[in-house]
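Just below is one structure, and these are the notes that go with it.
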C-alpha cells in the first residue's frame, strides 16, 4: 500500500504527533512503514526462512529514501534504540534483584516492628484487664471490711482488740508472697535467701535488731493508730461517710509532701485539698453539727491524717519498695505488733475498757472475716502496682464510697440529704483531681495542639481535593487541539 505524503512531508496523524513531540527516530512515513513491517512480520510462519529484520527494514525504506546514506542514520538510531531498550531491561532486572536482596532485611525489620507493636498492645490490654479485676477486688475488699466491722459492732465493741487482731494477720503477707514466688518464678530461691534479699529495704546490712526497733516502731504505731481511729469513726458515722472522709488522705499526702519532702507545687492539687476540707466541713454540717457527728468526723479525719503521715515517712526513710520488700516490711510490722503491742489489749481487758465475758463468746467468724479482708486489701494494693497501673488502685479505693452507699441504702442505715450527698461528691472529686499526673498541663497542651494540627491537615486535604476536582471538570468540558505544523 502506497503512502501519500502531505505537501509538508508528513503522511499521517501519527507522523504529525511524532514530529510535534520531537521523537528522535521520526522520519516522514514512519507510521506507514511501521504498519508494513508489522504485516510482513506476521506473514512469516514458523518453519519458513524469514528475512532478517535489518534487511527487511532497509528494503522497505529504499523507495522512500533518496539515497542509502540517508537511511543509514535512521537504522543506526533504531539499532541503538533497540540495544538501549535491552540494556535498560537488563539493568532493571539487575536492580530488581539487588532491591530484592536489600528489601529482605527491610521486610524483616517491618515484621519485627509489627510484632513489637502487637506485643505492646497485648501487654497494655492485659494490664487493663488486670486493672479492672484489681479495681473490683480492692473496692469490694474495702467495702467488705467496713461492713463486717459495722455488723460486729452490734454484739461486740472492742475496737483496739479488733485492730490488734487484724494487724497480727500481716505476718502472713510474706508467706503468701513466697508461695507466689514458688508458683511463678523460674529460678526458685530458698525462704531464707529470699527473706535476706527482701530485707534490703532496711539497708545494705539487712534487718538487724537496732533497725527493727528504730524503723519498725514508728510505722507500727502509725499503722495501729490509723486502723484504730477508722474503727472508732465507724461507731459514730455510717460506712459511707467514713469511707468518703478517709479519701481525704490523698490531699493530706500532697500537703505533707509539699512541706516535708519539698515536692513540686501544683495548683490543681491545692484546689483538691481545698475541696477535701470543704467536704469535711459539709459532712459535719450534714447532721447540724451533732456531737457524735463531729466526733466521728474528727476520728475519720485523724485516720486519714495518720495514713498520710505513714506514707510520707515511708517515702522519706525507706524510699520506694518492690512487691517482695513491701511484703517483708508489712510482715515485720505484724511481728512487731504481736511482740510489743500485745500488752495494750491486755491492759484494756483488765481495766474493763474493752471487756468480754469469755473467749468462746467472741464473734470469731466476723473477726476472722474482717482480718482476712483487711489482709487481702493490703496484698491487692501491693500486687496491683506490679500487675497494672498504680492509678487504678486509687480508683478502686474511691469506688468503695459508692459501694458502701449502695449497701447502706439496702440496709436502710443512711438517709442521704442534699448536704451529705454534696459533701461526698466534693470529696470524691478532690480525690480524683489528686490522681492527675504532674505533667498534666503539658500533656493537655500537646493533645490540643495535635488536634489543631490534624484539623489543619484535613482542611488542606479538602482544599487540594476540591482543586483537583475543579481541574478535572475543566479538562472534561474543554477541548485539546493538536497543531498541524
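Going from the start of the chain as shown, residues are counted 1 onward.
Cβ coordinates are placed from backbone N, Cα and C, and glycine is handled just like the others.
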>> Please identify the range among 156-178, 179-201, 455-477 that TrEMBL labels transmembrane segment.
In response: 156-178
>> Looking at 76-100, 326-350, which stretch does TrEMBL describe as transmembrane segment?
In response: 326-350
> Hey, does the transmembrane segment (242-261) touch the transmembrane segment (293-314), meaning at least 3 C-beta pairs closer than 8 angstroms, sequence gap 6 or more?
Replying inline: yes
>> At a C-beta cut-off of under 8 Å, are there same-chain residues at least 6 beyond the transmembrane segment (156-178) that contact it? List them, or none.
In response: 149, 191, 194-195, 198, 223-224, 227-228, 231-232, 235, 323-324, 327-328, 330-331, 333-335, 337-338, 341-342, 344-345, 348-349, 354-356, 362-363, 366-367, 370-372, 374-375, 378-379
>> Give the nonlocal contacts of the transmembrane segment (326-350) in its own chain as ranges (CB under 8 Å, at least six residues past its ends).
In response: 158, 160-161, 164, 167-177, 195, 198-199, 201, 207, 212, 216-217, 219-220, 223-224, 318, 356, 378, 382
> Which bits of the chain, at least 6 residues beyond where the transmembrane segment (414-436) starts or stops, bring a Cβ under 8 A of a Cβ in it?
Replying inline: 238, 240-241, 244-245, 247-248, 250-251, 253-254, 266, 268-269, 271-276, 278-280, 282-283, 285-286, 391, 394-395, 398, 401, 405, 408
